[in-house]
């Protein structure tokens with residue numbers, strides 16, 4: 001009976017046949033199959049399109065162009081692959097979106113000793129040519145080759161694998177980037193999306209690393225996390241971590257299976273693609289309530305973004321009507337009007353009472369000069385984006401939240417310029433995802449109002465007043481904490497625009 005061992009699970013054996021992704025007791029020529037079977041489901045091999053797959057094992061690189069089949073169901077590493085007669089011919093190893101490689105004797109291959117050399121993988125963009133370690137348009141590459149021809153060749157230090165839609169190439173370069181060798185395969189291929197991530201528990205930020213890995217794999221079609229731990233009971237430590245972050249999973253249809261081992265555990269991630277949104281740890285979309293600015297969970301974010309998409313954005317908010325407010329009235333409209341008048345003041349008095357409180361459109365806070373820039377960095381993005389996502393509002397820094405009196409903060413002019421620069425910087429970093437045609441920027445105004453004390457003619461005490469208007473579309477305080485696996489095996493974070501583009505409205 002043929003046996004197959006996945007390299008991803010430590011299955012490399014130098015005494016067995018080795019192919020990209022597997023060691024096996026048999027050497028199957030997988031080029032001869034046109035149909036394969038996985039769990040009694042039949043899948044056609046894709047014609048004239050291949051996957052470049054590779055393993056790093058014992059300082060050895062094993063790479064090859066392999067056949068692939070299309071499957072819309074999630075398959076795990078190690079799942080058996082059979083021919084139509086019921087004979088096992090391979091196991092699941094590599095995946096690119098909905099395509100799975102068939103590991104065994106494939107087409108063009110590359111077997112290297114990695115002692116003293118590196119190897120890098122690239123997607124060859126359509127229309128580009130290659131020289132050594134760079135790709136560009138043909139004329140630029142031609143000039144590059146002429147420039148490098150004058151250099152004497154040196155020993156190879158790096159190999160570069162270029163995978164394109166119509167052709168694949170392997171180049172080797174010396175320390176100066178001079179191309180020493182080139183192989184060209186007239187076959188179109190894709191690179192696999194790595195679907196194995198290693199996490200070690202007991203190290204700093206291990207919970208963050210685990211949640212990031214889960215998000216990245218779920219958003220990339222699934223995969224496996226290999227978990228080790230500094231502690232003896234790796235399975236116990238893992239389950240504690242998973243339980244502590246279970247509330248983060250924004251995709252209820254996604255799930256995982258845990259396979260326990262003595263020294264390591266494997267968490268198999270399965271994404272069914274039934275959820276309307278990506279797996280996300282934090283949306284970084286905030287809304288303002290009466291008492292706080294709250295981060296939207298994924299359902300709130302979906303509802304909010306769906307409304308914006310349906311309406312094509314929001315129109316500017318009309319100006320507040322002018323009218324007098326009876327004593328003691330503290331409705332949202334009167335509070336906002338009083339805040340607007342306070343914002344327009346040219347000067348303030350220390351310990352002056354403020355006749356409005358925090359509301360959905362107003363927030364005031366106090367902070368020492370020493371902590372001012374730190375608090376601005378930590379809190380400004382979420383507060384101002386929450387105003388922009390609601391109906392606009394005012395932030396006053398230097399008003400005591402308990403006594404509702406003006407206290408201000410005392411700083412010099414140079415420091416004040418730094419604070420003003422910080423505020424501008426953090427507002428410009430806010431990301432707006434537009435559903436409208438105008439695509440306007442965030443509108444805001446910032447003032448530093450002098451605070452005078454009785455008997456003092458000059459002052460360097462201020463209240464910082466920031467006014468933010470309602471934004472036409474969705475304002476993100478930062479990029480969503482939602483990741484995916486790229487073809488190099490790195491975890492990348494979705495930009496706000498990318499994240500929204502993946503929502504199934």
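Using the three backbone atoms N, Cα and C, a Cβ is placed for every residue, glycine included.
Listed features, source Swiss-Prot:
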{"type": "ACT_SITE", "residues": "17", "note": "active site, proton donor"}
{"type": "ACT_SITE", "residues": "138", "note": "active site, shared with catalytic histidine of dimeric partner"}
{"type": "ACT_SITE", "residues": "142", "note": "active site, proton acceptor"}
{"type": "REGION", "residues": "1-238", "note": "region 'Poxin-like'"}
{"type": "REGION", "residues": "239-505", "note": "region 'Schlafen-like'"}
{"type": "SITE", "residues": "60", "note": "site 'Substrate binding'"}
{"type": "SITE", "residues": "105", "note": "site 'Substrate binding'"}
{"type": "SITE", "residues": "149", "note": "site 'Substrate binding'"}
{"type": "SITE", "residues": "169", "note": "site 'Substrate binding'"}
{"type": "SITE", "residues": "182", "note": "site 'Substrate binding'"}
{"type": "SITE", "residues": "184", "note": "site 'Substrate binding'"}
{"type": "SITE", "residues": "186", "note": "site 'Substrate binding'"}
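Comparing Cβ neighbour counts within 10 Å across the recorded positions 17, 60, 142, 186, the minimum falls on 186. Here the C-alpha separation of residue 142 (active site, proton acceptor) and residue 149 (site 'Substrate binding') works out to 11 Å. For residue 169 (site 'Substrate binding'), the nearest neighbour among the recorded positions 17, 60, 105, 182, 184, judged by Cα separation, is 184.
With respect to residue 17 (active site, proton donor), the closest of these recorded sites in Cα terms is 105, chosen from 60, 105, 149, 182, 186. Of the listed recorded sites, namely 149, 169, the sparsest CB environment within 10 A is found at 149. Annotation note: residue 186 (site 'Substrate binding') sits in a coil segment as assigned by DSSP. A simple way to gauge crowding: the CB of residue 182 (site 'Substrate binding') has 14 other CB atoms within 10 angstroms, across all the protein chains here.
Taking a C-beta cut-off of under 8 Å and a sequence gap of six or more, residue 138 (active site, shared with catalytic histidine of dimeric partner) has these contacts in its own chain: 129.
Closest to residue 60 (site 'Substrate binding') in space, going by CA atoms and restricting to the recorded sites 105, 149, 182, 184, 186, is 105. Here residue 149 (site 'Substrate binding') is positioned 20 angstrom away from residue 184 (site 'Substrate binding'), judged by their C-alpha atoms. Cα to Cα, residue 105 (site 'Substrate binding') and residue 186 (site 'Substrate binding') are separated by 18 Å. The CA atom of residue 149 (site 'Substrate binding') is located 15 Å away from the CA atom of residue 182 (site 'Substrate binding').
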